[in-house]
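K.L.:
Please see the structure below; I have some questions.
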Amino acid sequence: MEQPDLSSVAISKPLLKLKLLDALRQGSFPNLQDLLKKQFQPLDDPNVQQVLHLMLHYAVQVAPMAVIKEIVHHWVSTTNTTFLNIHLDLNERDSNGNTPLHIAAYQSRGDIVAFLLDQPTINDCVLNNSHLQAIEMCKNLNIAQMMQVKRSTYVAETAQEFRTAFNNRDFGHLESILSSPRNAELLDINGMDPETGDTVLHEFVKKRDVIMCRWLLEHGADPFKRDRKGKLPIELVRKVNENDTATNTKIAIDIELKKLLERATREQSVIDVTNNNLHEAPTYKGYLKKWTNFAQGYKLRWFILSSDGKLSYYIDQADTKNACRGSLNMSSCSLHLDSSEKLKFEIIGGNNGVIRWHLKGNHPIETNRWVWAIQGAIRYAKDREILLHNGPYSPSLALSHGLSSKVSNKENLHATSKRLTKSPHLSKSTLTQNDHDNDDDSTNNNNNKSNNDYDDNNNNNNNDDDDYDDDDESRPLIEPLPLISSRSQSLSEITPGPHSRKSTVSSTRAADIPSDDEGYSEDDSDDDGNSSYTMENGGENDGDEDLNAIYGPYIQKLHMLQRSISIELASLNELLQDKQQHDEYWNTVNTSIETVSEFFDKLNRLTSQREKRMIAQMTKQRDVNNVWIQSVKDLEMELVDKDEKLVALDKERKNLKKMLQKKLNNQPQVETEANEESDDANSMIKGSQESTNTLEEIVKFIEATKESDEDSDADEFFDAEEAASDKKANDSEDLTTNKETPANAKPQEEAPEDESLIVISSPQVEKKNQLLKEGSFVGYEDPVRTKLALDEDNRPKIGLWSVLKSMVGQDLTKLTLPVSFNEPTSLLQRVSEDIEYSHILDQAATFEDSSLRMLYVAAFTASMYASTTNRVSKPFNPLLGETFEYARTDGQYRFFTEQVSHHPPISATWTESPKWDFYGECNVDSSFNGRTFAVQHLGLWYITIRPDHNISVPEETYSWKKPNNTVIGILMGKPQVDNSGDVKVTNHTTGDYCMLHYKAHGWTSAGAYEVRGEVFNKDDKKLWVLGGHWNDSIYGKKVTARGGELTLDRIKTANSATGGPKLDGSKFLIWKANERPSVPFNLTSFALTLNALPPHLIPYLAPTDSRLRPDQRAMENGEYDKAAAEKHRVEVKQRAAKKEREQKGEEYRPKWFVQEEHPVTKSLYWKFNGEYWNKRKNHDFKDCADIF
């Protein structure tokens, strides 16, 4: 078949468009240039020109960012001769009036929108055929907020430039600024300076600058604009008559100014007749953040200040077709401003200020624009009410106000621009697919498809307020929304230094429509910062985390695929309708069909992944909501229950008081009568019987009204539990298993001061020799540190609840909190604080009695929580592979720990001493339920004791699981750590065990920090009891035939309670907490020593040791910004290392620990491989990873 001559065939616009789309989609700028050079010829052809001019429109829909940057750089930003002499207009409008910025905003391509807004020739105020600006095309509120911030920043910079030009009297520069269409829209030459309250015209009238005043009046300055004090510009001129003779220069200037202003006034009066916009009520529209409630904080809302004097808000622009979420009448409102706040202000309305809207702008300039618009509306509304109250309008007022009262609210919303008042009925907004009328079918179809997508997204947006349904499936793609008022920015508004704003309006009347779902309480706190990552970087981003959750993942990719498919199909349909077809057409058709198929596959995959993730997020959110609901219910029930108990106790107290009073009043009469009728002996008996009856009656009443949980005194830790069992006990008081403690093994209450621990048994001697041989204590010759370099804790103050409120129901170990919540210790160092009172284990090893050893081991497991009181600051999360070593010559022990897992976070630890070993894993599951932060310990902990008198076995193995930890008092702003639950400490060698009971912190302080326990032998016979407060001291007592009840005296410590174990059944002190030093971060004296870095120790430390961590060191030095930056850096480095391992297919293995089955408990545990201390001695750490 003979091929047609392509040179004689008319150029096909659909064919060019398909080829251009394919080249743009490939992402290669050289390929794009090659296509234009070969296929887009001749350049002067109308079809070629039409496709070329819309190249940027197509690019923002299908091309990657790199190609768009190249197009802008080569064909938009340059004025030189370009490739093929192509020059593109950044603000080019397609057949629907959309610019590339409109399309990028609609398609949620935030990176493209930001790039375009940074171009010097961009004009974001261009209206499309539906009279919408680009910002009003946004479906994504995050992008709309970003556009608003960039606009405010641009206005601030331009206004400052304008102000400089005014000061320099640079008329040429002033003309160039005003010649920009964007500046003409955004800058208001009649705006007020927020500090002086003057317009630019007022300012130069005061300066008596006739030339500048004339220039201002020629360029739109309003001679009727009043300043803050209500004065017109002409009122600032001194009283002179035109016929007066100019006796001096000042009078001549005043005469000239007066003539100039009067002439401008006369000319302006003509404009008033034809254009009543100059005297309309202030109107404004845009996004503001509104305080919703205590749990959700600030949320972005669309606000409309309409000409009828009402300020209303909606979820977003698309929600304006429905009823507003709340509205205030400006005539009944006042503004409350704080000069220290640049972003926040408050509107007070209603009777006596019962309605308060706390609002927050995205930028100080945006906030000032809103403030002045609202102040103007309040003043205008009040003036109008005064006119209505005093009488009818004057003819001039009737001209400017009479018609507006008859116009509906919705019509007024579309009258904010002179262009809108003359426009026909608004139609649907469509995006660029082609540029002639033959594409109506494809355009409408595409609109319907995208409309459904937008409906679904919009419904998701509505979930953050109260129930809201929108079943209108036929609404247009973009509802015709009112234009954001832009002509309200003062040229003088941008000045260096803080702005002082004062309220000038008072409130007397109630609002028409109260806020329906977002009430504000005076008690609600306004803490900025919703997310951890925001405060980590020192920014304010309230509500953005919530907005990010609305739109879901892959939103930009999905929009690109949808638009690509739509454009491809529409262009393909065009091509198939072209009658002049040849082989090149069919090749392009095949390529296009393959592209569409590929896009459909990608779209289906992304949609499936998106659906799974959205379902997971919805499920998680539902669980979080359920937790909130249950927490509120539990709190309410708890408060009700306690209230009922208080009422019952008060009633009981009153009844008891009445009964006692009655008995006391009757008793003297009984005794008097008895003395008259009988002898003294009989009266004594009767009186005694009466008193006894009274006491019995009182006792019966108390027993009858006693609650089930009131069976013990708050000060008594131990009941007489052995009272019943004592009857079956042996007659002998001393048990055969409880021999008298040998004198030479009498324990000491405090740790020994000398550095040589007395070792007796051969296992102890062997272990001590090993510690010395491996150089465990080398580098620790210096005295321990007793203070920090910081004198006080001056961390930035951030409310704990303000951060945790967005983390309800989540595992906090996987979340990053701001560095200001940290203390300068690592979690590995926190683990080492468990052995602060290791001398208790040294004492335990001195006893022959295994049950007595169990008593002291149990006391040791409870003593490790004393350091947690007043320590709510969070330690630094260890990096994977991070280690920490610690040794004490006075305690003769060495400690080592390693972060062996990152998800879940697990720290393995191993401590060795001649008389004992302590090891285990810190593996916890944490969650926050809205009221408390709960930590559940998952790993087992072990202690190996090598007794001095190892008659039967050389070593004993103990194991236990730590109690549940809870941070309470978060809602009350007084967080504290509490322990609760039962813990069983087991001696697997002898069969002895101890049951410890940690009492949860109750409603009152009674019973706080309380712990009690019982020691049993292998035959379940109770031998010892212990009790006390885990934050202060623990006492022990031997169970004897006389009973086992034990009381705690926090203040007085009798001599009988000291000096070691007592076998006579008296109380003795086992452990007492050390006094806390007054240092920053509430560190203990032991914790102060952990992060110290003496010079002798540095050469022996592994490069992974926590002491060398830069963010932790900066935190200790008070360099909080550096600490935050370093923390972010090391975490990024850790993620990069993980990604590298995944790419190589490597599995991470800890360097110093290996997971095995424990030989006694048969549970998995992390065993120390013993290599660290030898490598430390030889300075052989060259194979350690670089994690810092």
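Keep in mind that glycine also has a Cβ here, set from the backbone N, Cα and C atoms.
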K.L.:
Considering the residues Ser450, Ser521, Ser708, which is the one that Swiss-Prot annotates as phosphoserine?
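P.N.:
Record lookup in Swiss-Prot returns phosphoserine for Ser708.
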K.L.:
Consult Swiss-Prot and report the residue, out of Ser95, Ser492, Ser503, Ser691, annotated as phosphoserine.
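P.N.:
My reading of Swiss-Prot gives Ser691.
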K.L.:
Among the residues Thr199, Thr694, Thr909, Thr1047, which does Swiss-Prot list with the feature phosphothreonine?
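P.N.:
The phosphothreonine feature in Swiss-Prot corresponds to Thr694.
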K.L.:
Write down the residue from Ser405, Ser500, Ser688 that Swiss-Prot flags as phosphoserine.
P.N.:
Ser500
K.L.:
Which one of Ser77, Ser683, Ser1033 gets the tag phosphoserine in Swiss-Prot?
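P.N.:
Of the listed residues, Swiss-Prot records phosphoserine for Ser683.
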K.L.:
Given 86-92, 289-295, 716-722, 1150-1156, which one carries Swiss-Prot's motif 'FFAT' label?
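P.N.:
Motif 'FFAT', as annotated by Swiss-Prot, spans 716-722.
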K.L.:
Any residues 6+ beyond the ends of the repeat 'ANK 1' (51-80) with a Cβ under 8 Å from its own?
P.N.:
13, 16-17, 20-21, 24-25, 27-29, 32, 36, 40, 43, 86-90, 92, 94, 98-100, 103-104, 107, 109, 111-112, 115-116, 119-121, 431-432, 435, 560, 563-564, 567
K.L.:
Across the repeat 'ANK 1' (51-80), what are the DSSP residue counts per state (helix, strand, coil)?
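P.N.:
Helix, strand, coil within the repeat 'ANK 1' (51-80): 22 helix, 0 strand, 8 coil.
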K.L.:
Mind looking up the mean pLDDT for the repeat 'ANK 1' (51-80) in the predicted model?
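P.N.:
Value for the repeat 'ANK 1' (51-80), mean pLDDT as a whole number: 86.
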K.L.:
Quick check on the repeat 'ANK 3' (196-225): DSSP residue counts for helix, strand, coil, in that order please.
P.N.:
16 helix, 0 strand, 14 coil
